[in-house]
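Quick look at what TrEMBL annotates:
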{"type": "REGION", "residues": "387-408", "note": "region 'Disordered'"}
{"type": "TRANSMEM", "residues": "36-56", "note": "transmembrane segment"}
{"type": "TRANSMEM", "residues": "77-97", "note": "transmembrane segment"}
{"type": "TRANSMEM", "residues": "103-123", "note": "transmembrane segment"}
{"type": "TRANSMEM", "residues": "135-154", "note": "transmembrane segment"}
{"type": "TRANSMEM", "residues": "174-196", "note": "transmembrane segment"}
{"type": "TRANSMEM", "residues": "203-231", "note": "transmembrane segment"}
{"type": "TRANSMEM", "residues": "243-265", "note": "transmembrane segment"}
{"type": "TRANSMEM", "residues": "277-296", "note": "transmembrane segment"}
{"type": "TRANSMEM", "residues": "302-322", "note": "transmembrane segment"}
Amino acid sequence: MEGGNSPSLQLQQLPLATAAVSVQPHTDSFSYKENLIGALLAIFGHLVSSIALNLQKYSHIRLAGSKDPRAYFRTKTWWSGFLLLLLGELGVFSSYAFAPLSLIVPLSAVSVVASAIIGIIFIKEKWKPKEFLRRYVLSFVGCGLAVVGTYLLVTFGPNSHEKMTAENITRHLVSWPFLLYMLVEIIVFCLLLYFYKERNANYIVIILLLVALLGSMTVVTVKAVAGMILVSIQGTLQLDSPIFYIMLVCMAATAVYQATFLAQASQLYDSAQISSIGYILSTTAAISAGATFYLDFMGEDVLHICMFALGCLIAFLGVFLITRNRKKPVPFEPYISMDAMPGMQNMHDKGIAVQPDLKASFSYGALENNDSMPEIYTPATLPIVQEQHGPRGVSAPPYRVLEHSKKE
C-alpha cells in the first residue's frame, strides 16, 4: 500500500510544486511591467513638460517689447504650453503609483536633455564653425550620457512593489529606519536654515540642499497619495483614511516651500548651475528617502544595486555636461561708464564726473531730489547788480559772476 500510494502522492504533489515555481516568474514579469509603465509615464511627463515650458518661454520672448506685461495670456502659444504642462505633470504624478520612487526620480534628466535638444534646434542664433565645437559638442556628449544612464536606471531599477494602502503607509511611517532618517534630516535642515538665514551663507549648495531635503519629503508623499488614489480606483477605497489627507497636506506644504527656496536661488545664481547641482542633490536625497521609507532596495542583489548606482552617476555627468555649456546671460548695465571711454573722463578741469553715481537706483542725477545732492552740483546764482557810472562816464557791467569754490 505504501509503495503503491507513493507514486500517486508524488503525482499529486507535482502540479503543486510546478505551480509554486511558476509564481515567481509571473511576479517578476508583473513587476517589470509595472516598472516599464511607470518609467514610460515619467519620461512622457518630463518630455511634455519640457516642450510646454519652451512654448511658454517662446511666447514671452515674442511679446517682450509689448506695453501690456500680460499680453501673453491672450496668445494660443502660451495656453497650449500651459495645457501641455498640466498634462506632463499629471503623467509624472501617475508614474509614482506604478514604479518605485528610486526609479522615477532620476528620470527627471529627460527634461534636461529635451530642453537642450529643443534649444539647439529651435534657437535663432548665428554661430561660427569654431564655436560649434566649443559650445555644442559637450552638450551632445552629455545628452548621450544621460540617455545611457536612463537606460541603466530603467533596466536595473528596483522591483519592490506593494499596494499603497493606508495600513502599509502607516507602518512605513512609524518604522525605525524612517524615523531615524527623519531625525537626521530635520537636524541637517535646521542647521542649513540657520546658516542661510542668520549667517547670510547664500551659497548655492546650501540653498539647493534645503530644496533637496524638502523635495525628498515631497516625492515620498506624492508616491503615497498617487498610490492610494490608484488603489481606490482599483476598488479598495483609501481616500477616507486620515493618513491620505496628512500626506496630501505635507505634499502641498513641502512643494510650496521648495518653490520658495528655488525662487531665491534663481535670483542669485545662474539657471544652468541650479539645474545641474539641484538635479544631483535632489536625486540623491530622494533615492535615500525612498530606500528608507518604502525599502526600495530590499531583496535586490549587489549587481543590480551597483548597476543602478552606475546609471545614476552617468546621468549626473550627462546633466552636468549639458548645463555647463549653456550661454550665460549678460548682466544689465544701467548706464555706460564714461570712465571707460578715453578722453571723456571729466567734464571740467576740476574733476567733476560726467555720470552721476548709481545710489542704489536706476535714476539719473536730473531725476533725483536736489535736496540730497551736494552743494557743488547746485547751479551758481547770478545776482543782479545796480548799474553804476564811473567817473569818466563809462558804465560798469550790469552783472558779475560769483565764482564758487569747493569750500563754499
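The backbone N, Cα and C atoms fix where each Cβ goes, glycine too.
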Long-range Cβ neighbours of the transmembrane segment (203-231) (under 8 Å; 6 or more residues past either end): 93-94, 96-98, 101, 104-105, 163-166, 169, 185, 188-189, 192-193, 195-196, 238-239, 241, 243-244, 247-248, 250-251, 254-255, 257-258, 261-262, 264-265, 268-269, 273-274, 277-278, 281-282, 284-286, 288-290, 293-294
Contact between the transmembrane segment (103-123) and the transmembrane segment (302-322) (3 or more Cβ pairs under 8 Å, separation 6+): yes
Among 77-97, 135-154, 174-196, 243-265, 277-296, stretch most in contact with the transmembrane segment (302-322) (C-beta, under 8 angstroms): 135-154
Intrachain residues whose Cβ lies under 8 Å of the transmembrane segment (77-97), provided they are six or more past its termini: 37-39, 41-42, 44-56, 58-60, 62, 104, 164, 219, 222-223, 226-227, 229-230
Long-range Cβ neighbours of the transmembrane segment (277-296) (under 8 Å; 6 or more residues past either end): 100-103, 105-106, 108-109, 112, 158, 160, 162, 172-173, 175, 177-178, 180-181, 204-205, 208-209, 211-213, 215-217, 219-220, 223, 262, 265, 312, 315-316, 319-320
Same-chain residues near the transmembrane segment (174-196), Cβ under 8 Å, at least 6 residues beyond its ends: 202, 206-207, 209-210, 213-214, 216-217, 288-289, 292-293, 295
